[in-house]
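Visitor: I grabbed these lines from TrEMBL:
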type	residues	note
REPEAT	139-173	repeat 'PPR'
REPEAT	174-208	repeat 'PPR'
REPEAT	211-245	repeat 'PPR'
REPEAT	246-280	repeat 'PPR'
REPEAT	281-315	repeat 'PPR'
REPEAT	316-350	repeat 'PPR'
REPEAT	351-385	repeat 'PPR'
REPEAT	386-420	repeat 'PPR'
REPEAT	421-455	repeat 'PPR'
REPEAT	456-490	repeat 'PPR'
REPEAT	491-525	repeat 'PPR'
């Protein structure tokens, strides 16, 4: 046997343990070097993929050809893409491509990382798709962030579904997650869900953690349900416990009490806000002033407006519009005009709402020349070419019986391409009826219908009333039937006109039938209508019906005028009717 070379023997004679250590170290260094090189390779590929995904719109069709020998189904590549892609939506798109082409499924860490990133940028639909597609279960904190994300974009049903899953695994949830769901319910007007969630909070013990935000959402829910006083009581208790909701909560309460015309409570809330350093902003005061003006307390609103100026509030265009409109409704157009110029001097230019408010004021007091001049200026500024602005002018002109000028504006609208709406037609129809121009009013109604506009009660009522007044009850009945075919409800006074019109023209039976239908509809005829009806019935020798109508008047709380008894007394004297005498005597005792 040949001997081993001496150099080999020398190595073999060395310490075996030392030799093993050298071999092991050599192996580890080789493995680390290989992994580092391998990882760097994936990193380089991932960076190229990220750039292609970001810059090429249709990269899905060309990516494989760019890397023909590369295995895209490798988890390491996806992890590197997830790390280096600076837009999570591009990463998500890359995931969809991998899943579609390779059935790729990321590991748990990658799923959590991608899901959390989608939630962070509020890509809720993408996060939802990813959950459904992978079937993985995020950790509770991720689920809570997902719930809050869904609520921010208004997906309340989806948020509640995830919320129920959270409760199924025994997680109560943070109070800010509960608040997020409550807030979303308020925004989508689902107060029923608010109270259900509140009951769940009580049952799960979370109610002990409620904060000022929770109280605020519950108060707002009360206000939306029309239970403003209950909301106020909850706020009062919360303030006693040191919980101070935000401005929105106070605004909702103030708005609710304004609508109820409970201005004492409004004043109390404003003082409370100032006391806890929740200073009301200009929008809060604007709501108060607007409601004061609507409630006939415009002078009080004007006092608040001037007080705000004195306290240094910067009043915006909206505030000036509210106050100018309120003053015009009180016919204080001079004061409104002063505010107009004050606003302009402050650099706030009038807009169409401001012009319309002042024009309406001039029309109301009958200063049509100023109204026309202002409307002309408004058109010159580019604001006047709207249906609303023309409707205001037409209404003002018709109010003061200038129907010719109103009709000229009506035709001008057509020339300028400004659309007529139902209000335009109704206003002019009423204006024509006031002037006795029934034919013109009827033609406008026909034009309204021919243009495919939906008529309203006010499209018919003025015509029916004027026709009855002029004695043309047959045409009035025809229009009445047309109105009923449109399922429109006549006004009470229109019923009155038709009843008296029918009876005065000798159609007593129809008039009494109309009265019966009116009473069956729970409508109360006017006293004057019933008195005229009694006179008509008496002239037609319908004394029994006359007595029935007088009896009806007493039942409705009316005290009949004594003049309506004269025909009945005359009948009593001429016929000596025991029935009439008995009934009339009973009636006269009550009168």
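Cβ coordinates are placed from backbone N, Cα and C, and glycine is handled just like the others.
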Visitor: Per-residue pLDDT averaged over the repeat 'PPR' (351-385) comes to what?
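Guide: When the pLDDT values over the repeat 'PPR' (351-385) are averaged, the result is 89.
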Visitor: Mind checking which residues of the chain, 6+ beyond the ends of the repeat 'PPR' (281-315), have their Cβ under 8 Å from one of its Cβ atoms?
Guide: 247, 250-251, 254-255, 258-259, 261, 263, 266, 270, 322-323, 325-327, 329-330, 332, 335
Visitor: Within the repeat 'PPR' (211-245), how many residues are helix, strand or coil going by DSSP?
Guide: 26 helix, 0 strand, 9 coil
Visitor: Using a Cβ cut-off of under 8 Å, list the residues of the same chain at least 6 residues beyond the repeat 'PPR' (246-280) that approach it.
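Guide: Here the qualifying positions are 212-213, 215-216, 219-220, 223-224, 226, 228, 231-232, 235, 239, 287-288, 290-292, 295, 297, 300.
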Visitor: What are the DSSP helix/strand/coil residue counts across the repeat 'PPR' (174-208)?
Guide: 30 helix, 0 strand, 5 coil
Visitor: Treating G and I as helix alongside H, and B as strand alongside E, what does DSSP give for the repeat 'PPR' (351-385) in helix, strand and coil?
Guide: 26 helix, 0 strand, 9 coil
